[in-house]
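Worksheet: one structure, shown below.
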């Protein structure tokens, strides 16, 4: 029999080792899954994790994709991690991402065909604001009506999707698009485009914003009183109140920041990689970012690495689909598995495992 | 006569501590047997082994001559062993009858059970309504639920863990009456306590534990309390020293303070009024659950109230939050160390920032100065003899006594104008408790006003200048602590508020 | 009249059945003190397992069993994570949903649009043909009646039996339940499995009976609605039924309104079931005393027997 014993302090080794081991175990379990699908597991893992970066054939295309995909994941996950640390669960980032994209795009399209250099900054602000306001719905309802923010933020994703459908087919539809759904292409118009800043790297304004967010979050969490209060509220809510932390203000702040960042991520996407508002431009970054946040242990640097890793699985997954006919959902299951292993291994950071019967020292 | 329960060399070790080291003793049928020891002496672990909650590493038990090794509480109950816990194992949202049914192996039908609860509770003088929610009951009534749950099983051995810590002196009398009746009917009682006078009044035999080892046994009626205390503590303790002095100006004034509780089973405060002067210790006694937490929250600023309800040196502060009050010099130390006074998983340095940030200037422009914070934590550790490897250790790694010294020390080192503490020595070993009490007295000596909320009446009488009682959210008028008798205190705790009622109650 | 109230009520009952099944299962889980946010993932697993099985075996009964089994297997993962490995319940529940959505999509590749056998209806045609009462009371598939019986059974077990009392006690105060000798972890694992099976049954009903098709993401938030219904119901079984009907009514009504093209934007109609769910959540939650009194006190807290 195995017995668990709570450690007096979390083990530092496992805090870092846990995610690494989780990745290894996920590769093993994922290999089994691919084998069950009748595919060569070793080849599949190589195609997903190695080829996008190092194969001569694909790397030139897929290396820039790494930053393109990691940018929104990191930007959203950084925002979510603040709330998750404080026990505030915004899981509707996908909805805030959509609303931010719609608001930002609407701003750009309102001034169409102006090419003023003020348009793009205005779109970014509109995106931030859209995500922020969408996140304020669950935040204010939690503070003033004690409504569970998990459920409200999630349900609002479906409302946002309905809004997106109506925008893409109705009020933001390209008037010159012969009736097809989807807006004008923002990325091919000076003034509204979010260009690649350094050719061949995939670096666009959104990726830059993600890096800035990582640094800012690191400073806030480790040095600033606000970061201290966020950690305090998450670890001991009653002690936080005793320490003068205003719980309601913290909810509004954390939800607002995560919503705004998700909204900005949405805007950067529709004005760059996705190019325009279409009925299905969102590919679930808002949900995958939850995995990124946890895999990075809610730590800014960890999130940076986790975002790159998950971006790799997206790109590698597409490649595996192309090369081996591995179905796209397999990658989603693969990402879910990663989160499972990570949560399971958390145990080792907080508990010591002992065999029963042996007298402890 | 064979012993009811024989314990032979029971040993149980946890990482870092040996909770019980080869403990042996026996309990006779119908005997009230005391298990005496300080916090941390290993009493709780020992009875948990008898009740099947913990498995011993070594040693054996015999019940009525037969080998006894309960694998779980169910087995212990089946063998006729019942237990009343110190922290009640009750369910607040369930009714009395449901709570009792949960503690029985084969409970009768709901209606029959209610009938039996009524009859047993009346037989033993512990009236109880089976259909009330436990969350609405007082601490004393909750204990009745536990006792009746045990009695319905018809136990041969009843274990009681610190039963009087939640009772008024009058309720203690009723409980002792019940226990004596049980004992005369042949039920043995294993009575855990660290209160010596109680044990001398009630118990036939006593086993004394210190640091996990049995250090002696005695017949309590035949020895002095001082003798037992020496066995229990291992050395004689100094009584806190204090000089007589005249109190100064009023520092904190509370008037017409009423608060509705945040939780469904909380206690509302009703028109609480008090004042405390410079150099004075005001003791607030009361049984658990009579509004202590609510009073502390109102004073600390966690529950904001109307501005004028609380004034600090003439300035209204009722509407201010905790940090704004700290700026003005009103500091608090709540009862619950882990999770309220300190964040369990944070380091002592981080916990020093929790309340020390403002007055100690541990931040600048919103950024925490961690070097300075560490220095403050180290100062607390040094000044108050907190035993820990260093300020980087998580709060939950400290023992109760050490963490309490840290929590109280953190506030005292900030030089408060008014300090409010709730249960400052609860669950703390005797030497740490003595150090904490001395520190509070020294603080008052230095000109601060100190409010001590506690359920430990001996403690309050030892350090308070004036004493008042909290009952059902109402605070009695204060009386000079010196010369108060236990009976008068009991009446105050029971809700007989002004002098008139006390006199009338005493005469009746 | 454009919308026939009788067909609306019939549709309402059909639409509400999957969320009702999932919500009554989650209610039991939460009563045991566990918050499983993976209902959406378990439902869709039930939907795909049920659909695939129905297609291959031609037996709706086998399909329902498979739906329950598939979702319960997923629930077991959650149980191991949260009860044995003491992982955070919110994070584990989210992981379950994300993983379930992916795995279900993977299993269902190539099954979209394939035929499934018709399901049985317990009452004879003669009864169904009675005007008004016939369609409303007697026209449904067996599983719809099973769902109603399940609500009654959960109510009875929770309030009237010893098993129910123990379950509530574990959800109220796990330390006290442990001190009395109850197996907290075992009881919770069983509750989680029951919740999984119910969610799976709801998912299988959705794919095999109601839609009779499989497509990715077909639960469309029904699992989250089920979670909201438990809060709406203040953890009371009969109120879950009421909530499910309310939700079903809105969902059925908005579909009909879309069909008759009233002057309301389609997006608003699409979003209306979610908006109404949020609205009732807000109304229920702001009543502080009621919400707090019925919520299991140990909900979502990690239990570790330290002694």
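Note that Cβ sites are derived from N, Cα and C of the backbone, with glycine treated the same way.
Source: prediction; values computed, not measured.
Per TrEMBL, the feature transmembrane segment maps to A:12-37, A:70-88, A:95-112, A:118-141, A:150-172, A:203-221, A:250-268, A:274-296, A:303-324, A:330-349.
If one looks beyond the transmembrane segment (A:303-324) by at least 6 residues along the same chain, the residues whose Cβ comes under 8 Å of a Cβ in the stretch are 19, 23, 39-40, 43-44, 47-49, 51-53, 58, 62, 65-70, 73-74, 77-78, 81, 210-211, 214, 217, 288, 291-293, 295-296, 330-331, 334-335.
It is A:250-268 that, among the stretches A:12-37, A:95-112, A:250-268, A:274-296, A:330-349, forms the most Cβ pairs under 8 Å with the transmembrane segment (A:118-141).
Proximity of distant same-chain residues to the transmembrane segment (A:250-268), defined by a Cβ-Cβ separation under 8 Å and at least 6 residues beyond the stretch ends, is recorded for 71-72, 75-76, 78-80, 82-83, 86, 88, 90, 93-94, 96-105, 123-124, 126-136, 138-140, 142-143, 149, 153, 194, 204-206, 209-210, 213, 226, 229-230, 233, 282, 285-286, 289. Residues 19, 22, 72-74, 76-77, 80-81, 84, 91-98, 101-102, 105, 157, 161, 164-165, 167-169, 172, 174, 181-188, 262, 265-266, 302-307, 309-310, 314, 332, 335-336, 338-339, 342-343 of the same chain lie 6+ residues outside the transmembrane segment (A:274-296) yet bring a C-beta within less than 8 angstroms of a C-beta in it.
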